[in-house]
Structure formats: C-alpha cells, structure tokens
C-alpha cells in the first residue's frame with residue numbers, strides 16, 4: 001500500500017519540476033526521456049524479490065518517469081488545437097478511462113496465469129509504446145529568441161523566468177484557480193479510495209463491488225468526451241463553470257453514499273460521480289490555456305498538479321482515521337462532500353476576475369500607443385527644426 005501511495009504522490013509532486021524541463025527542452029525530449037525512465041523503473045521492479053527496493057524502483061523511478069511522460073501530453077495539444085481543444089482533451093483523457101475499465105481484468109488474468117513479475121514485464125510494452133509516441137510531439141509554438149539562438153548556434157543559459165516561471169501567480173484568476181482546486185480536492189478522492197471498503201462493511205461479500213469501478217470508469221470516459229465538446233462552445237474563462245458544476249455534483253454524490261442502503265442506489269451515485277469526474281479532468285488544460293496563455297501553460301499546469309498532490313495525499317488517510325475512531329465511513333463521506341462545495345464556490349469568481357483583467361490589459365496598450373505617438377511627433381518636430389538651418393546653410397554655400 002505504501003509503495004502504491006508513494007508512486008501516486010510522486011507523479012504529482014514531480015509536476016512543477018516537469019514543467020520547468022518542458023519549458024527548457026520541449027515536450028518531445030521530456031516525454032521520451034520520461035517514458036524511458038518509467039520503462040526502466042517498471043522493468044527493474046520485475047526483478048526485485050523484496051519490498052524495500054520497490055520503494056525506489058516502482059515508487060520513485062517508475063512514478064517520476066510517468067510524471068515526465070504525462071504532463072507534456074497535456075501541453076502539446078494546445079500547440080496543435082485551438083477551436084477544438086476541449087474535445088481533443090476529452091478524447092485524449094478518455095483513454096485513461098478505457099484502461100481503468102479494462103486493465104483490472106487484464107491484470108487479474110495475467111497475474112493468475114504468468115505471475116506478478118512477468119505481468120510487470122508485459123506492462124513494459126505499454127511504456128515502450130509511450131516511448132515511441134513521445135517522438136511525435138513536435139511543438140508549433142516557439143519563442144522567437146530561441147530561434148535566433150539556434151540559428152547562431154550558441155548555447156545561452158535560459159532566463160530565470162523560463163527556469164521557474166512564478167509570474168503565472170501574478171495572474172489573479174490563475175491564483176484563485178490554483179488554490180481553489182486543491183481546496184476542493186481534500187474530499188474529492190475519498191470515495192475513490194474508500195468506497196470498496198465501505199461496500200464490504202455495509203453489504204458484505206454478497207454484492208460485486210467491481211461493478212462500481214466499472215460504472216466510474218465508463219461514465220468518466222463518456223463525461224470527458226461530452227463535456228470536452230461542450231467546453232468548446234463556452235467562451236474564455238467561463239469554461240470554469242463546468243468545473244464548478246462538477247465539484248458541486250461530486251460533493252453531493254459523496255454525501256449521498258452513506259444514505260444508499262440499496263446497492264442499486266450506489267450504482268446510480270457512481271454513474272453520476274464518474275460523469276462529472278470526467279468533466280473536471282478534461283477541461284483542466286483548456287482552462288489553463290485561457291488563463292495564462294500558450295507560452296506559460298506548461299508551468300501553470302505543473303504548479304497546479306504539484307499543489308493538488310497535497311490534498312490528494314492527505315484527504316484519504318484522514319477519512320481512514322475517522323473510520324477507525326467511529327467504526328463507520330458515514331461521517332467521512334459526509335465531510336468529504338464539503339471541500340468540493342467550498343472549492344466550487346471559490347472558482348465561481350474566476351470568470352468575473354478574468355474579464356476585469358482583460359479590460360485592464362486592453363486599456364494599457366491604448367495609453368502606450370498615445371504616448372508613443374506623442375514621442376514620435378516630438379521627434380519629428382525636433383528633426384524638422386534641426387534640418388531647416390542645415391538646409392539654409394547649404395543653400396547659402
């Protein structure tokens with residue numbers, strides 16, 4: 001359990017570092033190297049016979065490789081798609097839902113037939129495919145200064161802004177978004193971690209709890225496709241309202257889990273929860289592009305994922321402690337529904353703040369243009385006064 005928890009935490013903890021490397025070296029190099037490191041970590045894990053080395057090979061090495069391979073896949077889409085960015089993100093992220101549904105059954109069959117170590121070696125095939133896919137990431141958005149440096153053939157140490165771009169936090173709408181989402185996630189993942197144990201406590205072994213995972217995975221994939229397409233019709237930062245709706249519904253569904261005394265009720269709750277989980281995930285990248293622009297989006301996503309790692313790591317263990325003290329998950333699920341509601345309320349302010357920022361930015365260039373024109377007029381007047389005496393002197397000679 002600690003190995004898998006460390007692995008999940010490292011994927012998100014590494015995100016700010018991955019964003020820096022993406023800005024420095026580009027999406028292609030980072031994705032390819034990340035997939036290669038993940039492949040090495042997974043392959044080395046298949047030769048480990050005790051649990052201690054797994055903390056490094058699987059919990060650190062494999063997780064870091066996955067983190068370096070994952071984030072460029074979100075950034076690169078904005079280089080190719082503008083109008084249909086939401087739909088494209090929905091299609092790409094729907095792949096994880098497809099594997100969420102199918103992979104548990106495949107893993108169970110592989111472990112039963114060839115064992116754990118050979119199963120890890122089979123999974124290395126997926127990492128090798130990811131390695132090859134990384135070579136297709138050809139960024140179209142590039143910096144003019146970088147092009148000049150490449151033409152001259154000189155290596156220049158990148159500016160501080162490119163190494164660690166904290167300027168994204170100067171954008172107020174991004175600040176609200178970057179702290180509002182982690183606030184919502186303190187309870188967001190509690191149902192995903194503890195739902196199976198809750199079902200066993202309440203219904204025993206008489207019900208197939210795997211059905212709930214199927215419902216979550218299938219409707220999450222459907223939600224990513226539907227809401228990704230819907231997001232393309234919503235202009236600007238108003239896409240945030242989709243995330244607000246997803247947080248509200250997920251918070252309410254979490255609170256309804258203890259009220260379901262029939263297994264069919266839990267299935268209905270999981271269907272809705274998966275649908276709005278897909279909504280939350282698929283529009284993260286489009287919102288980041290709207291708030292900070294294409295040039296800064298890599299580190300904007302990286303900082304956000306890094307901040308998300310804290311509530312994702314802390315929330316589920318607190319819910320487990322509550323269950324240990326109270327003997328039931330009911331209070332944990334009720335409390336888990338509160339942070340998404342609070343986080344959703346915070347995010348409601350983003351479109352209004354973003355519009356005000358855009359109005360201020362539009363006003364600034366107008367002032368700059370007028371001052372530039374005044375300076376140009378002054379310079380022309382000065383040049384005319386200088387040229388006139390010179391011409392008179394020339395005519396005199």
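Yeah, the Cβs are placed from backbone N, Cα and C, and that goes for glycine too.
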TrEMBL annotation of transmembrane segment - which of the ranges 139-156, 193-210, 211-228 it falls on: 211-228
Top Cβ-contact partner of the transmembrane segment (172-191) among 85-107, 265-289, 301-319 (pairs under 8 Å): 301-319
